[in-house]
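Q: This is the structure, below, for whatever I ask next.
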Amino acid sequence: MLKCAEGKFLHDDVSDAPAICLNGTWVSDDDSPVALVCREGCAMPCLHGGVCVGIDMCRCTPEYYGEHCEYAKCPTVEVLNGVFDEHNDSSATLTCNEGFIAISGDEAVELVCVEGKWTPSGIENSSSLLGSNLTNG
């Protein structure tokens, strides 16, 4: 059995495998000629408390996402007079109830998560359109 040192992996998230040493090289014990080599887990560090769990695979804390846990998640939002539909960690749609519009004048607004805050898609450095910013149209 070949067992890699902590933080090293054979492939993906596998750190040990049945193996035999053949002429000084670890190979799979299923007659595969491919050498088994333990490699560093994450070439780039996992950020914000994330943990490397495989070759370039980070397990992020609940507050972050991304390949290296580099993005802050946006909170789920309760919206008065509308519906907030989160598609994934980085995009959502705010749809106003009938008779209401967002401060932008739209009945529905596409949002993206930027540095942990929901922001209208395509608008940089914008204030949030959530919460009390729905008005009776």
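Using N, Cα and C of the backbone, Cβ positions are placed for all residues, glycine too.
So TrEMBL lists the following for this protein:
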| type | residues | note |
| --- | --- | --- |
| DISULFID | CYS42-CYS52 | disulfide bond |
| DISULFID | CYS60-CYS69 | disulfide bond |
| DOMAIN | 39-70 | domain 'EGF-like' |
Q: Could you state the whole-number distance in Å separating the C-alpha atoms of CYS69 (disulfide bond) and CYS42 (disulfide bond)?
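A: For CYS69 (disulfide bond) versus CYS42 (disulfide bond), the Cα atoms are 12 Å apart.
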Q: In which DSSP state, out of helix, strand and coil, do we find CYS52 (disulfide bond)?
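A: DSSP assigns CYS52 (disulfide bond) to strand.
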